[in-house]
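J.: Checked TrEMBL, it gives:
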DOMAIN    2-89  domain 'Ig-like'
DOMAIN    97-186  domain 'Ig-like'
DOMAIN    198-271  domain 'Ig-like'
DOMAIN    296-358  domain 'Ig-like'
DOMAIN    364-451  domain 'Ig-like'
DOMAIN    456-550  domain 'Ig-like'
DOMAIN    557-658  domain 'Fibronectin type-III'
DOMAIN    663-766  domain 'Fibronectin type-III'
DOMAIN    773-872  domain 'Fibronectin type-III'
TRANSMEM  945-965  transmembrane segment
Amino acid sequence: EPLDIVYTKESPDRLISMNCRARANPAPTYRWRRDNWEIKLMELPNEHYSLVGGNLIINNPEEKKHAGTYVCVAKNVYGTVISKEAKVKFGYLEEFPDEERDPVTVKEGQGAVLLCAPPKRWPTEVTFRWIYNEFPVFLHPDKRRFVSQSTGNLYISKVEASDAGNYSCYVFNPQIGKGVYSKFIPLISTEEKKRYKADLVVKFPDTTAMLNYNVTLECFALGNPAPHIVWRKIGATDLPASAQVSMSGALLHLYNVQYEDSAGYECEAINQKWQDWHQAWLYWAVTINNTQKDVGSEHTMSCVANGKPGPYIRWLKDGYSYGKGELKFSSLTFEDSGMYQCIAENYWGIIYASAELRVIACAPTFELNPVKKYLLGANNGRVVIECKPRAAPRPRFTWTKGKEVLFNNSRISIMFDGSLEILNATRNDEGVYTCLAENDRGKANSTGTLTITEATQITVAPEDTQVMVGEEVHLQCQASFDPSLDITFIWSLDFRVIDFYLEWKHYERIMDREDSGELKIMNVQLRHEGRYTCTAQTVVDNVTASADLKIKGLPAPPGGVRVEEIRDTSVKLVWNRGADHGSPILGYTIQTRDFYALTEVDWRDASTSPTALDRMSVMADVVDLYPWMEYEFRVYATNEFGDGEASIPSMKIKTWDAVPVVAPTNVGGYGGKDGELIITWTPVQPQYFYGKKFGYVVAFKPHDDVDWWYETISDPETRRYVHRDASFRVKSNDFQVREFQVKVKTFNSKGDGPYSLSTTIYYPRDGEVPSESPTDVYSRPVSSHEALVWWIPVMDTGTGLQQYIDGYQVKYWRKYDDTEPGANRIFVPASMNQTRLENMLPDSHYLIEVRAYNGAGVGPPSEHCEMFTKRARKTRCQNHTGIPYTVHVMFRKTGYITGPIYMTGWHFIDFPMPQVGDYELEVRGRYEGGDGPIRKIRLQGKASFLRPTLSLAAMLLLALCIVGLGI
């Protein structure tokens, strides 16, 4: 059939070829129509049109004369059919305007959008690319840069200095093979690096998709840092299996879309702790399915079509309009014969379905389908002898056994299609049967011989059985049958036939006797539970027997886990009970995973109300959640065999927002130069934001003042604030340093959180760095890579000037192998006079120096302290006979990353065994040469609700022995 064609004036062939070929006997003749007008190919010569076979050739096509809708008409003595419509359109792509493009100026860190403004074109499906500085240097999209294939615009999420340059939009039409490019657009960047929240600027609209077609959705955001794009299908835990995300998350491809893909889709842009999101819906438009119906004396020709919007259906007979909807024939005549076409069309497409209706009349004949010559039937069974001659109109049927004419009775009946049915057959029903078919055109008969065999019967049936997971079970099945026949045994599980070839690891059929088909199930698993059916089958009949196999093991996962009520710190979770697998369920455990989970398996046991969920529980309140946090939940059951498989996670939800309750920690600061007051703090972790628009309020005042000064910080990641005020400077005649009180609180869109504790910070005399150095610096190696260092802090010098310091700088480097400028540095608060040096090289000579510092700078150095690190410890493959200094034991619950750490100098440690849950122990010895290897031990009880059967002290004593601690 012909296809849509896009023709361009630049085509080298200067012709259009449209194909048409019909399967017919005798061969058909062909004609063509344009916009419902027939093209006179035979009657009038035409310089443009010619016919080659059934193909239409258009030479030197012109848009005004030849653009339009074409159909091919094929005809022979039996009728006429019309092809589907094909459109001829003339493609073009105009040039960009010659006007110069205005430059785009943007600050570094901000987002930028360069508009393409593509010219007019046909077809509209083109590809967009951007040229950078010169042709053919094309820009390669990445996480920061995105080219929309809908508008052609170039989006840069955050501009960097390297982005400055000239950009040109390149448009290419693949169907006509032509490309054009715009004037260059200068992009000018200015230096100012700030962080900006994620802002979605490319948002996919509500989209209508064709069944079995591909769809691409676009989503891109500006922001600094460059946002990360996450896609979700609303109402589902995962994207469709055919979905694929590309271009660093900017594109979502849905391939071969199906009905179930119709839904709302959401893209979310995240950079650090800012979020923005967009939702739209994917709808359906479906073309039409072909349907054909058989002909008969009474006949209805139906054309069933599904589509959105609903299609319009009409009929053609031999190429001419014949009606719409269903075609009903109450009494077919020869004039009804012909070629019928159903045409179904909607906005999205058109489809044709063709069928030939041929009205015939003939006498009955058994040439193609005679009665079977030899027939078998089971004793006391049902026998059906088919009689299906070809005849029109439908014949009358008569059956005989030998010379006896058969009539309908309680055991024997002649069915509507002519077949003979015999119920409760016996040996007396054996004999020769003849079917006679007759109509007004003639008659015919066909004969077969019936033999009755012994019925097949189950003699040993399988029995209901209950086994444990991992065991082996045998299901018996024996049958008696007619010795003249062959028998086979078929096993099925819940009506699914078992394939012994594919499932050989678990199923085996034992055929040690002809009348036995015993089933052996090895290493039984929970999935093998169900109803097993044995079918003993011969060519004559079959008989079945069933038994239920119950498997005891871990409970099945609960189903239908869903959140019904959402609050700020709790939700109401509901689920359906799963199978207990032969052992009563003892209770349920709920687990959560929030937005900041480290991995996909980072699930944590949740706090619930009630605390213990018994076997009857189907709902619970999950409490102690973070407000304004995205969560998903799952549930698992426990029985005497342990914890079962967890349920499918619930849909992701977000708790309501609330006022923050956590204040920043480690509030401090120092005075700088030229009236600068630097206030520092440790930012609040994201899970404690509790809502949108999170930030900080910094309060400070001179120590003796009453009124506080306040500054609002909107960036939740900020960890310092610098206030400049010349009046803060300490004059040279001031005897004391100035003191300031500082405190910091949090806020969000719901309100203000608590202040941190007030802290005193000091502003030193102008330019007054610490004048004294720490004394008596002493160090001791701990291992081949670590050392401890001490010193005497800087004290009042007795000069009458107050010495104020913020902390100490510790430098260390190898005496002969490193340079002092490249030394390692550690900064220690003023309240400490010792620290640990790490990442040192073994068996090396080190110099160590300590200085005091404040906001004005670093004071003089101490005297150098010299030390040697220890030699490297022996490798793990060698025998280790050293005695550890200490033993470190981490005790954590299974599924958690961290836990409490205990330290001991003995070969054992004793503390209470928790009553609920499974735990892991990690044991490591610390030797003279460094840390030894880690040994792990798992403490797994039968269930979280059973008392422990092994004391933790005994297990840990065993662990310490295994580590090789010199025992």
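Cβ atoms here come from the backbone N, Cα and C positions, even for glycine.
TrEMBL entries are annotated by machine, without manual review.
Please situate the listed features within the shown structure.
T.: Applying DSSP to the domain 'Ig-like' (296-358) sorts its residues as follows: 3 helix, 35 strand, 25 coil.
This prediction places the mean pLDDT of the domain 'Ig-like' (364-451) at 92.
Helix, strand and coil content of the domain 'Fibronectin type-III' (557-658), in residues and according to DSSP, is 0 helix, 47 strand, 55 coil.
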J.: Please count the residues of the domain 'Ig-like' (456-550) that DSSP assigns to helix (H, G, I), strand (E, B) and coil.
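T.: Result for the domain 'Ig-like' (456-550), in helix, strand, coil order: 3 helix, 48 strand, 44 coil.
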J.: Can you tell me which of 97-186, 296-358, 557-658 gets the most C-beta pairs within less than 8 Å of the domain 'Ig-like' (2-89)?
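T.: Per the Cβ under 8 Å count, 296-358.
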